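These features come from Swiss-Prot:
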- C127: active site, acyl-thioester intermediate (ACT_SITE)
- S11, G12, N13, I14, S158, A159, G160, P161, G162, T163, R164, A165, N166, N270: NAD(+) binding site (BINDING)
Amino acid sequence: MAKVKVAILGSGNIGTDLMIKLERSSHLELTAMIGIDPESDGLKKAKTKGYYVFDGGLKQFLSEASELADLVFDATSAKAHVRHAKALREAGKMVIDLTPAAVGPYVVPSVNLGDYLEESNLNLITCGGQATIPIVHAINRVAQVHYSEIVATIASKSAGPGTRANIDEFTQTTAHGLEAIGGAKKGKAIIILNPAEPPIIMRNAVYALVECEQMDEVAIARSVQETVAYIQSYVPGYRLRTEPLFEGNKVTVFVEVEGAGDYLPTYSGNLDIMTATAIKVAEEWVQHRVKAASV
């Protein structure tokens, strides 16, 4: 099967890590990196590796070499993606959105990936969303979650300008994802940037208040374990810190994410889960497209 050509929009930490990961993909061929800072490490590395490099932003890419990619990963910011989405849609490009812009439908691979493969813009919510929404969904499969609250703690060093610019969108988009995808009737999200040295890996606390009459500790624990195993198939550093904890109708789950160390330090699990998920979604989209074409 021929690989699908892709481009990365955004030459920061996430875009550069994505570039390294794409080298291992059997379905995706990176052709170009697009940025606005010619001195960025991402654009410099991309040029060294022989990829096409555009430092005039998306406008330059679309006007000069749009044919280089059928799919574009947007690793910029939520505000920028709103503009990018329109231009990429008009250019007929498939888009995987790694910002909290939520222009397209929310996608969490373990929950609803197959539902939106005909869409042209898929949103990956946030790092906290990818780490915690599957857990809420796993609990909700067994017992209705009336309220869910998640606290995502990440190393301050792993939060670059893009992450810091997206804090408000992070909390809003993640909270909505807990409800729309996780199934909670009400969701709340909190993000903490921890300045500790040495930097900590990403840690997430998931709290869920469930329907008392539906509480089944064994079934909930099994459902959570199944979800964790699925996520580990594409994010190996994702794991439970402890077994799920139960108190009355409250379920508490602690998960952590250690990065693969491709471009980013291993403590940057919050960024790693986004890049790994982006590739998972893109590869599933490619396989879906191939199957559809063969029918």
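Backbone N, Cα and C atoms are what each Cβ position is placed from, and that goes for glycine too.
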Spatial neighbours of C127 (active site, acyl-thioester intermediate) that are distant in sequence (at least 6 apart) but have CB under 8 A: A152, I154, M202, V257, N270, L271, I273, M274
Cβ neighbour count within 10 Å of S158 (NAD(+) binding site): 24
Number of other Cβ atoms within 10 Å of the Cβ of R164 (NAD(+) binding site) across all protein chains: 12
DSSP-derived structure type at C127 (active site, acyl-thioester intermediate), helix or strand or else coil: helix
Neighbouring C-beta atoms (10 Å sphere around the C-beta of G162 (NAD(+) binding site)): 20
Binding-site residues compared (S11, N13, N166) - highest count of Cβ atoms within 10 Å: S11
